[in-house]
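Among the features that TrEMBL reports, transmembrane segment is placed at 43-63, 69-93, 114-142, 154-177, 184-204, 219-237, 257-278, 298-316, 337-360, 366-383, 412-433, 439-465.
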Amino acid sequence: MTNDGNSVKMHDGIPLDVAGGVEAHGIDHIPANERYGRARQLIGVWATSQANYVVLVMGGVLVAMGLSFWQALAVIVIGNLFSVLTGFISATGPVSGTPSQIIQRALFGPKGNLVSQVFTGWMVNCIFLALNWIGAAFIIFAVMERFGIATDNFVKGAVISVLAAITLVISVYGYNFITKAYKYISWSFLAVFGVATFFLFTTVKGDVNAVPPLEGPDFWIVAFAGVSLLACTPISYTNGADFSRYLPAKTPIRNIVGSVTLGYMLPSVLLSALGAYVTAALQADDPQTVIEGVLPAWFSPLFTIAVVIGTVANNAMTAYSSGLVLQTIGIRLRRSITVIADGIFGVIVTLLAVLVWDFIDAMNTLLQLIVVTVAPLISLYLADMWLRRNKYDGPALEAATKGGKYWYTNGYNVAGIIAFLAGFTAAVLTVYTDFYQGPILGLLGGLDISFEVGILLPAFIYIALMRNKLTI
């Protein structure tokens, strides 16, 4: 089969370089004759990415923050609805044929994007790599201790290293392995978590209404913080196009958005709700291991395996995108090599976290800090997509040539940079963490609105600055 003079060998309608073996493409444009698949394959990809331990724990964290089960459930649903934005970001992949890291050259200019990718791409990906490996490691440690197996520092290091190795193998093989294998993995998770839910609802005897609802200003402060915590993950997927760029260019946007949202929300809402339910019913102080502790002994290892596989699957996607980020910022190595380099850094951070930090505190703090970075970015991304009516010139974005349509002013899109910095600054001024509180929080009665201002302000500024000088 040929297209524009390029000959590509195919197998069952799939290019051989992605039908089996290591994916050949990196940040380069995917030509039309190598596009395949349908939007619905994204359901399995995103469902598998959310079947992990961190999602489970976050539901319990909401109750530990003071919300009742029903309040926590409302926050869980609202926070996860932001996955619709992940769906829209994913819709830029098929039309451009490039990953999100390259599309973001339209937001900042080729040179401005280099700086942006270091902070909004590489650092965020490394944080999520560490968070997910930490979560999987802790539940493995809990099961090992339950069966009398010692978990000294050597064992902990070995467990984390094995998790990382499996993750990086999947990431190196790349796109086709992820889209094909995750479909089957997601159905397996559904079965395992269905059984876990049955056991928990039939064996947990506590009163789910024992935790009283918060009222007044305290409720709004915690609810806003909870929504930010839950929404942080879907809005951090500004790499959505990485997993949709092989789809045909004419794939309908509504199909992409619907598939991504459904795949993301189904496991995320169910798992977080499960964590909130058990934590509330048992009035547990530590949501980190409460679920594993009440499952039958014979089922606990199976549940652990499912959670670990889900975490590995999620991190494989993160490492995959992180490798693309390093290529985008100019590291001239194959995608497979950049993936491994990122993995090594992620392992170092994970080891520090496991051996030095508290998991719950680390998770809350890191997610709150991520919000001030990724909320302005996704705001900018969606505003640009809206202004261009989702029309991107993939080859021009990849080339990023001087004087080209995305070159702007000496390689910088000043409008995008101003809008991002405005949103970032506003978020920093209004964020609350254990070690840093925004200077104007007092004027807001302690209400953390970093997520809200970070996701709204940049879009308005960018649209105002770019409306009359847009280059499609």
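Using the three backbone atoms N, Cα and C, a Cβ is placed for every residue, glycine included.
Please treat TrEMBL annotations as automatic predictions, because they have not gone through curation.
Keep in mind the model is a prediction, meaning the values are calculated, not measured.
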The recorded stretch from 43-63, 154-177, 219-237, 298-316, 366-383 sharing the largest number of CB pairs under 8 A with the transmembrane segment (114-142) is 298-316
Quick test of the contact rule: Cβ under 8 Å, at least six residues beyond the ends. What residues does that give for the transmembrane segment (257-278)?
39-47, 49-51, 55-63, 67, 69, 72-73, 76-77, 80-81, 83-84, 86-88, 90-91, 186, 189-190, 193, 196-197, 200-201, 204, 208, 230, 233-234, 240, 284, 287, 290-291, 294
Give me the stretch from 154-177, 366-383, 412-433 with the greatest number of Cβ pairs under 8 Å to the transmembrane segment (439-465).
412-433
Report, as numbers and ranges, every residue of the chain located at least six residues beyond the transmembrane segment (43-63) whose Cβ falls under 8 Å of a Cβ in that stretch; write 'none' if there are none.
69, 71-72, 75-76, 83, 86, 131-132, 135-136, 138-139, 178-179, 182-187, 189, 193, 211, 226, 229-230, 233, 243, 259-260, 262-264, 266-268, 271-280, 284, 287-288, 290-291, 306-308, 310-311, 313-314, 317, 360, 363-364
Of the stretches 69-93, 154-177, 298-316, 366-383, which racks up the most C-beta pairs under 8 Å with the transmembrane segment (184-204)?
298-316
Counting only pairs at least 6 apart in sequence, do the transmembrane segment (154-177) and the transmembrane segment (298-316) share 3+ Cβ pairs under 8 Å?
yes
Winner by Cβ pairs under 8 Å against the transmembrane segment (69-93), considering only 219-237, 298-316, 366-383
219-237
